[in-house]
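TrEMBL annotations:
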| type | residues | note |
| --- | --- | --- |
| TRANSMEM | A:235-258 | transmembrane segment |
| DOMAIN | A:238-361 | domain 'ABC3 transporter permease C-terminal' |
| TRANSMEM | A:278-305 | transmembrane segment |
| TRANSMEM | A:334-358 | transmembrane segment |
| TRANSMEM | A:379-400 | transmembrane segment |
| TRANSMEM | A:412-435 | transmembrane segment |
| TRANSMEM | A:464-486 | transmembrane segment |
| DOMAIN | A:464-669 | domain 'MacB-like periplasmic core' |
| TRANSMEM | A:703-721 | transmembrane segment |
| DOMAIN | A:705-823 | domain 'ABC3 transporter permease C-terminal' |
| TRANSMEM | A:761-785 | transmembrane segment |
| TRANSMEM | A:797-816 | transmembrane segment |
Amino acid sequence: MTRVLSTLLSHYRRHPGQLIMLLLGLWVASALWSGIQAINATARDSYARADALFDTQLDQLERRDGMPFSRAEYHALRQAGLPVSPMLKGEVVTQDGTRLTLIGIDPLTLSNDNALAQANTSASLSDFLTPPWQTRVAPDALEALGITRENASAATPTLADGKTLPPLVLAPALPPDTLIMDIAAAARLLESGDQLTRIVAAPGALTEAPPGLTLTRATTLASPGQLTESFHLNLTALGLLAWVVGLFIVQAALGLALEQRLGMLRTLRVLGVSGRSLVLALSLELLLLGLIGALAGIASGVWLARLLLPDVAATLGSLYGAGIGQELNLPWHYWVGGLAVSLGGLLLAGSGVLWRAARLNMLKLGQMQAWRSGYRRQLSLMSIGGAFAMGVALALYVWLRFQSPGDGLVTGFTLVAALLLASALWLPPFLALLLKALTHLARRRPLIHWALADMQLQLPRLSLAMMALLIALATNLGVGSMVGGFRLTFLDWLDQRLVAPLYLNAPAEQYADIDAWLADRPEVFERLLTRRSDATLQAATTPEGSRSIGTPIELYGITPGESLTPHWPLLATQQDRSSAWAAFSDGAIFINEQLATAENLSPGDRLTLNAPGANETLTIAAIYPDYGNPSGQVLMASPQLAARFDAPPSSMGLVLSDEADVDTLRATLLERFDLGSDALSDQREIKRIATEIFERTFTITRALNALTLAVAALALLASLLTQARSRRQQLAPLWALGVPRAQLAQLNLAQLSGAALATGLLAIPLGIAITWGLVAIINVAAFGWRLPLYLFPGEMAVTLATAVGVALLAAALPTLRFWRASPRALLAEEANQ
Amino acid sequence: MLEFHQVHKTYTTPQGPLNVLNDVSLRLAAGESLALMGESGSGKSTLLHLAAGLDLPDQGTVSFENQNVASLPEPTRAKLRREQLGLVFQQFHLVPSLTVIDNLRLQARLAKRDNVAWTDHLIERLGLHGMEKRYPEQLSGGQQQRLAIGRALAPRPPLLLADEPTGNLDETTAGEVLELLLSLVRETQCALLIVTHSPQVAAPLDRCLRLSHGHLLEAAL
C-alpha cells in the first residue's frame, strides 16, 4: 500500500502546481468556513453567558417615566411583601478607555436559580456582601483592566477616574466586559446615591405591575441570541458559499490529477494492484492532503476571525445591542467540526475521482475518445439538475407567497441557494450551446472558428471554475445592490426623519419651560417635541376578527407639522397621505413596518394598547419604515401620547428660519437652562454617526464578498494553470502552421474573456434575483422590514468588468508562459505529447 | 528554393553546449525531393525547424526563395510558413477541437487559399470521404497522418517539410501513407524535404543526405 501511495504521490513531484492548487483550494475553503464559524462560536458563547445572567431571565420593573428608582421605592415594595430585588447598572471606564458594564445586585434577595447565584456557590457570600467586597469578572475583561490571568485573583485594578475595584474573582460564566458586585459597592463606584436602575423579580413572582411601574416579563424579552440569529445565518450562508467555491478549485485540481494519472492507474492495475487497493490508496492520498489543507485552513480561519471580530462585535452592538467578546472563545467541537467539514468537502469533491478509479477499465489503455460523448452526457445531467434546482426554487417561491411576510428566513436562503445552484448547473450547457452556435457562424474566419471550437474543448475543464465565477459574481452583485439600495434608502430615510438642524435632549421636567421660551424666539420656526413610553400590545382587531397578542412595544410621539409631515415616509395608508396625517392628528396611530410584519397588521386595523393606568384601542392610519429598529413601534401625535399614556418628553427638534444664528441660539439655550454641552445635537453629527454605524455594519459582508470573488478568481487560475501544459501543446501546432505567437496569445486571452463576459452577463439577472431574494424575503424575515429594490447599472458594469478582469488576470500567467516559451521548448513539448 | 549556407546551431544544455549543426550547407531546388537521414539526436529535426523558420541559426543563413529567413521578423516568418510551407509531423498534431474537414482546410483558410474543389479532391485522395464530420481522435493513426498531409498540401505550398511522417505508424500503414504522400507531392509539384531514419522512406526520393555529428554527408542508399 505504501508503495502504491508513494507511486501515486510521485505525480505531484512532476506537477507541483497541481498540488499547490489542490492545497490552496482546501486551504481557502477551510479558512473562510472555519473563520466564520469561529466568529459564530464566539458570539454564541457570549450570548449564552449573557442569557444566563439577568436581562432575559428575570421579570423587570421600571418606572413609567423612565427615571431611576430610589431605594425608598424599593423598600416600599419589599414592605408591601413583593419578592423583588434591586439592581444598579452603569458603566465604568478602565485606564485604557474601555467601557465596562457594571451591575450591582443584592444576592440575598435575588432569585436563587439565577446564574449569578449559582456562580456564587464556590465563594463565600459574606465576602461578596461585605467590604472590601468582590468584583466578579469574566476572564475576557482582564485585558481591559490591565491584569493578566495569573495575577487576577484578588487584584484591585484602578479605573480611569482613579477609583479602585473591589478584589477580583474570576467568573468565566459571566458575559464579556461585565463586572458584577454587591449593589453597595456598585453604588459607591457609580456615585449613584440612593438610585436604582431597575427592580427585578423571579419570573412569574409578580402577578401584575405595581401602580406607576411597568412590568416586563422575562418571556417577552428577546435574548441577543434570538435577535442576532439572522445575522449569523447570513454569515454562515456567505461562509458556505466561499467553502463551495473553494471546493471547485479542489475538484478541478483532483479531476486533472486523475486524468493525467489514468495511464499510471491502469499500469498499476495491470501490474496486479487490485481496484480496491487503488481506491484505498487514493482515499489515503485525499486524507493526507485533506489534513494538511484543513489544518492550515483552520489556523488561517482563526486568524481571519480575530481580524474580523472587532467589526462583527461593532455590527452586532449597533444593530442589536448585543455585546460579544473581543477574544475568540472556541469550544472543542469547533475544531472537530472544522476538520470534519473540510474533510467532508474534500470527500465530496473527490468522490468522482474515487468512483472513476473504482470503475477503471484496464483494457482501455490511453483511450481518450469517449470524452466528447462523456461530456455531452454530463451536460445533459447538468441541464436536468439545473431544471430540478429551478423547480425547487419556484416551489419555494410559491410556498413563501402563502406564508405571512416575515416567515421563512431559512426558506429564503434555500430559495437563493437553489437559484444559484440552478444557474451554476445551467451555465456549462448554455456556454456549450453558445459556442456551438458561434462556431457555426464563424466558419469563414479560420482563427475565430478555431478559437471557438477550441473553447468547446476547454469547457469541460473550465466549467467548474466558470460556475464558481458565476456564483461569486452574482452574489457580489446581489449583495452589493442590496447594500447600495439599503444605503440610499437609509440616507433618504435619515433626511426625511431628521428635518430639524438642532435636536435637544434635556431633562423631562425642563421641556415645558424650554418650549415656552422657544415659542417666543422668532428664529425658531417650529418645535418638534417627541415623547417616548412603553406599552404592551394587548390585542389586534382586523377584518378577520380579534386576537390577543401581549407583545411589548415602544410608543413614540412626534409633532406633526409642516416641517415633518410632508417628508415623513409612509409605506401604506388607509386612503392617502393627507387623510392619514389628518387621522393621525385626531388620535389615530401609525405603526412601524416591523410591527406590521410581525403581527400581520394593515392600515384600518385597530390595536389595544395597555399601559399602567391606560388602556386604549386605536386605529392604524398608516405604516411607516423604521430601518434598523429591532422593536415594534407605535407612533402617535405627541400631545395624544402625553394625554393617553402620560409619556414624558424625550427630545425636541428645532426647525430654524434661514437667517437664524444657530451658534447664538445654542449658547443662549444652554446658558439659560443650565444644560450640558451634549444636550444639543447637530443634525449633521447625528447623520454622520448613523452613517458610520451603517458602513461598519456591512464591513464583514463586503470583506467576505471580496474574498469569495478572490477564491473564484483562484479557481479560474487553478484551472488554467493545471491545463497550461496541454494548452501549449495545442497551440504549438498552430504556431507551426504560421499563426504568430502574439496572435495566439491574444486569442487565448480573448477566448477566456469571452467566456467570462458571457458568465458575467448571466450573473446580472441572477444577481438581480438574489437582490430581490435578499430585500423581499430574507430581510423581511430577518429584520421585519422590506427595502425597495434598487438596481445600479454602474454595479452591473463593474460586474462585467470584474468578470473579464478576473479572467484576464487568471489567463495572464499561462499566456505569459506561452509567450515566453522558446520555440524549441514548444516543439519539445509538442514532441513529448 | 531552399538554401542552407554554412549553418551552425548550438543548444545550451545542463551538460554544457551541444553542437547540433556544424557548417551545414545544402540546396533544394523547386520540385525536388530530398531525404535527410541520421541517428536520433543527430540534428535532423533541428535542420527542419530551421528550414521552417521555427528556429533560427546561430551562424550562417537559411534562405527561402533567396530571402534570409533569420532576417525576417516573427510575423513575417509566420506568414511564410502559412503561405509557402506545408509541415507534416510525426505526431500528426491535428487540432482536436476541429472536425476532419475543418482540420483539412485550416491552413488553406489561414493562407486565404481555400479551394473547395481542391479540398474535395483531397478528401477523396486521402480516403477520408464520409468522415468529414468526425473528430481526429475518432480516426486511426494512418487516417490521422493522411489528414495531416492533406492539411499541409491544402494551400498548395511550393515546399513540403515532413518530420518522420511514418514514424508513428506500423509498416503496412507507413507504406500506404508514404505512397500517398509522394503521389500528392508529384500531383502538386511541390519540393519535398523529409527527415527520416528509414531507408525505405528515403529510397524513392531524388536525393538523400545523412547528418552525422552535425555534419552533412552525401548518403548512398
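First residue shown is number 1, and so on along the chain.
Any Cβ shown, glycine's included, is placed from N, Cα and C.
All annotation found in TrEMBL is predicted automatically rather than curated by experts.
Ranked by the number of CB pairs under 8 Å to the transmembrane segment (A:334-358), the listed stretches A:235-258, A:278-305, A:464-486, A:797-816 are led by A:278-305. Mean model confidence of the domain 'MacB-like periplasmic core' (A:464-669) amounts to 86 (pLDDT, 0 to 100 scale). Outside the transmembrane segment (A:797-816) by six or more residues, the chain places 469, 473, 476-477, 709, 712-713, 716-717, 720-721, 724, 727, 745, 748-749, 752-753, 755-757, 759-761, 763-764, 767 with a CB less than 8 A from a CB of the stretch. If one looks beyond the transmembrane segment (A:278-305) by at least 6 residues along the same chain, the residues whose Cβ comes under 8 Å of a Cβ in the stretch are 1, 4-5, 8-9, 19, 22-23, 25-39, 42, 254, 265, 268-269, 328, 330, 335, 338-339, 342-343, 346-347, 350, 353-354, 357-358, 360. Long-range contacts of the transmembrane segment (A:703-721) within the same chain: residues 17, 21, 24-25, 28-29, 32, 36, 235, 238-239, 241-242, 245-246, 248-249, 252-253, 308, 311, 461-462, 464-466, 468-469, 471-473, 475-476, 479-480, 727, 752, 756, 802, 806-807, 809-811, 813-814, each at least 6 residues beyond the stretch ends and with a Cβ under 8 Å from a Cβ of the stretch. Of the recorded ranges A:235-258, A:379-400, A:761-785, the transmembrane segment (A:464-486) has the largest number of C-beta contacts under 8 angstroms with A:761-785. Per DSSP, the domain 'ABC3 transporter permease C-terminal' (A:705-823) is made up of 103 helix, 0 strand, 16 coil.
Under 8 Å from some Cβ of the transmembrane segment (A:379-400) lie the Cβ atoms of residues 407-408, 411-412, 414-415, 418-419, 421-426, 428-429, 432, 777, all in the same chain and six or more residues away from its ends. According to DSSP, the secondary structure content of the domain 'ABC3 transporter permease C-terminal' (A:238-361) in residues is 106 helix, 0 strand, 18 coil.
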